[in-house]
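For reference, the structure discussed in these notes is given below.
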Amino acid sequence: MSEKTHRTTRIVSVVAATTIALACGTNYAYSAWAPQFADRLQLSAVQSNIIGTAANLGMYASGIPMGIVTDKRGPRPSALIGSVALAAGYFPIRLAYDRGAMSVALITFCSFLTGVGSCAAFQASLKVSALNWPHHRGTATAFPLAAFGLSAFFYTIVSRFAFAGNTSSLLLFLSLGTSCLVFVSVPFLAVVDHTTRYVVLPTTEDFSHPTRRDSNQLHRTKSGGSKHSASILPRQEPNITGLALLPRIDFWNLWMLCALLTGVGLMTINNIGNDAQALWAHYDDTASKDFIAKRQLMHVSIISFLSFLGRLASGVGSDVLVKRLHMSRFWCVLTSAAIFALAQFCGARIENPNHLWAVSGLTGLAYGALFGVFPALVVDAFGVGGFSVNWGFMTLAPVVSGNVFNIWYGAIYDAHSDVGRDGDRACAEGLACYRSAYWVTLVSSVLGILVCLWCIKHEHSAKSKDIQDDHREA
């Protein structure tokens, strides 16, 4: 393979991975159709949150099995599984809406399938990007990660102009659009061989630990350094995966960060529609359902677009931090945690629905910044060989925190809601409908900041020890 063909193949594969990722973030558009769906099927806030949480559960709990498929069989089978599961999940949900009846258990299962499909296809896109650009992983994975964040924005904007206010058409669009977008991109998911044509000098990477590459990869040779420092050979990249992760403190550091912060983001992502509905019902009782539905779509779009920007900035920015400023990628996570904390404070204080954009915007930006850098942190720590399985372990964290915060929100909202004679539920108390939930997630955000600071300190201490060991060996 010529160098030109080699590079073209890698570029095409990233474009295909980015296209696939655009179909994988539609679970975050749940708030765009959840209130209308709940009204039609007369679901409580807890039931609606269980359905939304099932999609998140499918997305995150299937990470390990889908990771095994991706690592063992390659990205294409995983992407095909994703294409089928997305169609099998969304289309029955659309039928349930049209018929106005279906058991909550079956709807929940279909929602779970949409999460499994998103996970399988997204695993494939990340794996291809990480493998094909081994020395620019933060930047390479930033593109599919950004597209993932933009997914909800893309589908809600198209639906707003193509079939405004038509929830049935939106669900049909999600069913066909996501499945077909993944399917047509599968042939272009190619992994290239770097061992023969693509070689980068080892002095641009930090191999200072035999089983770990931390996220701050310093140049090991500097002008004026000793002749020994210039001749230090690169050590093998770590290849830690599966149960071997469990005894490692760096795994638990990352897992804890993921748990504390993703659950915070998922609560608002799944419930921004309820936030808008409660605030508008209290602020202006003449606001029509159609008007509120448009505002809900607007907030979903804001979350998605800011998530896109956050993922792109964090992924590319983390590479700049490492390669040019010789700093840790964890500073991107710290920034995300601080923005999350500000978003929760706004969520607990804003009573005017016209200002709710601050909650949706900050949440999208923080969530995007978190996931824009996290895959690169996982690869740095444990290697790319078992990345898909390792990412699956990481995504178990949101299963725990996402469930807790979403069900907590639903319970609070239901406690303030009135049930009409026809079974419809509504809360007209405004901010009081859900404010307590945001105080809880504010605490989680602050804990995330503290854990992140500890991670930066731990990484710096480990790096200093490794450098001292290298000097002794030299």
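Note: Cβ is positioned from N, Cα and C throughout, glycine not excepted.
TrEMBL labels come from automatic prediction, so no person has curated them.
Note that this is a predicted model, so its numbers are computed, not measured.
So that you can see what the record holds, here are the features copied from TrEMBL:
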type	residues	note
COMPBIAS	208-217	compositional bias 'Basic and acidic residues'
REGION	208-231	region 'Disordered'
TRANSMEM	12-30	transmembrane segment
TRANSMEM	80-97	transmembrane segment
TRANSMEM	103-126	transmembrane segment
TRANSMEM	138-158	transmembrane segment
TRANSMEM	170-192	transmembrane segment
TRANSMEM	251-269	transmembrane segment
TRANSMEM	330-350	transmembrane segment
TRANSMEM	356-379	transmembrane segment
TRANSMEM	391-411	transmembrane segment
TRANSMEM	437-456	transmembrane segment
Suppose I define contact as three or more CB-CB distances under 8 A, residues 6 or more apart in sequence; do the transmembrane segment (251-269) and the transmembrane segment (103-126) meet it?
no
Per Cβ pairs under 8 Å, the stretch of 103-126, 138-158, 330-350, 356-379 packing most closely against the transmembrane segment (12-30):
138-158
Beyond the flanks of the transmembrane segment (391-411) by at least 6 residues, Cβ under 8 Å:
44-46, 48-50, 52-53, 56-57, 59-68, 119, 123, 126, 245, 251, 254-256, 258-260, 262-264, 266-267, 270-271, 274, 374-375, 378, 434, 437, 440-441, 444
Is it the case that the transmembrane segment (330-350) and the transmembrane segment (103-126) have 3 or more CB pairs under 8 Å, with pairs at least 6 apart in sequence?
no
So if I exclude everything within five residues of the ends of the transmembrane segment (170-192), which remaining residues of that chain have a CB under 8 angstroms from its CBs? That is, six or more out.
1, 6, 9-10, 12-13, 15-17, 19-20, 22-24, 26, 29, 32-33, 74-76, 79-80, 82-84, 86-87, 89-91, 93-94, 97, 117-118, 121, 124-125, 127-128, 131-132, 155-156, 158-159, 162-163, 198
If we skip the immediate neighbours and take only residues 6+ beyond the ends of the transmembrane segment (356-379), which ones have a Cβ under 8 Å from one of its Cβ atoms?
126, 130, 137-138, 141-142, 145-146, 148-149, 215, 254, 258, 261-262, 265, 268-269, 272, 275-276, 279, 298-300, 302-315, 317-319, 329-330, 332-333, 335-337, 339-340, 342-343, 346-347, 350, 387, 390-391, 394
